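The structure appears below as structure tokens.
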Amino acid sequence: MKWSGQRMRNEWMEIFSQEGYRFCKVKPEETGVFYKYYEEGFHLVMFIDGTNGYLPTMGQLQVMQERVQELFYHPVGRLQDFPEGFPVYHVELLTILLTNQSENAKQLCSEGKNIWIYDQDRKQLIIYENQPGDFWGLKNRIEQMDVQQNRQTSAPAAAKRSIMQLPFVTGLIAIANILVYIILSFGGATEDAFYMASRGAMYPEFLTINHQWWRLLTAMFLHFGVAHLMNNMVIFCCVGSRLEKYIGHWKMAVVYFAAGIGGGLLSYIMMLLSGDYAVSGGASGAVFGVIGGLLWVVIYHRGKLEGMTTKGILIMIVLSLYFGFTSTGVDNWCHVGGMLCGFLATLILYHGKRQKY
């Protein structure tokens, strides 16, 4: 028999050898027979390898089955190592079609007898209702092989999926914020507004007069002291890792920067309107944007997702904004703008499969 793959050959050989079968080559080359002498007769399993496109017609298959049965009814001198004097009173034959296109082989099953299909691509045994449900316990052995193959196939894929689901973007952004803070701390006092403004923090006149709009981006990575940095990064890593898991890596990056820039822009506008200017910086606008994005994801999943609820996230947002507006030195409009931009960006980008309950 001409097998399409050595691994496939070994797997089938192992099953049948453990069940006491031996192998016999027959024609055509895509065909082979496993046989076992049992209670003055033979159990036969004829394999037809159609994985390379070969598939007999119904007439050809019937001729092949008849010839194989005739061979084993009269094996002496024709079957290697079969001794004389052993009677053969019955021959039971099962045909297994190995194929990559099980639908093409379906017609043979509808017209023929004792035929199973094994879909090599899906690693699945297919037995139609008009065919025998088992053949001397082989069904269970083949299905056990299917399970093992699927585990071997799925293990690398599962490992790859696990790696791809790691929150790379969240981690890189957090590391970038920490590195920027460490570098700035060697050059001056990170709690000094003048020093931070000279290093890229946002101040309305720098944008209005000098047109330094790039400060909307750089200000996202500047933090006023260790406490400011740690508060933002701890919250960001908690919510960011979850959002990135749901929406993916590049969408996470888009949401983060859209929220950070959007929050900074609303803060700039509100300072112009109020006339109350201040040097501002930090990732809190982007962090609120990530929370807003997470809010949309939960809403999209009908208000409940892996222990999170719409109500729970809304309570967290309201409390955070409340403490911000009742405290001093907090850029609350940056938080509001970031949350709104993050929510809208996620609404546009995320269209995942909804959870079923």
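The backbone N, Cα and C atoms fix where each Cβ goes, glycine too.
According to TrEMBL, the features are:
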- 168-189: transmembrane segment (TRANSMEM)
- 211-350: domain 'Peptidase S54 rhomboid' (DOMAIN)
- 213-241: transmembrane segment (TRANSMEM)
- 253-271: transmembrane segment (TRANSMEM)
- 277-300: transmembrane segment (TRANSMEM)
- 312-330: transmembrane segment (TRANSMEM)
- 336-352: transmembrane segment (TRANSMEM)
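If you count C-beta pairs under 8 angstroms between the transmembrane segment (336-352) and each of 168-189, 213-241, 253-271, 312-330, the highest count goes to 253-271. Sorting the domain 'Peptidase S54 rhomboid' (211-350) by DSSP state (H, G, I as helix; E, B as strand; all else coil) yields 106 helix, 5 strand, 29 coil. Here the listed stretches are 168-189, 213-241, 253-271, 277-300, and the one with the most C-beta pairs under 8 angstroms to the transmembrane segment (312-330) is 277-300. Most Cβ pairs under 8 Å to the transmembrane segment (213-241), among the stretches 168-189, 253-271, 277-300, belong to 277-300.
Mean model confidence of the domain 'Peptidase S54 rhomboid' (211-350) amounts to 92 (pLDDT, 0 to 100 scale).
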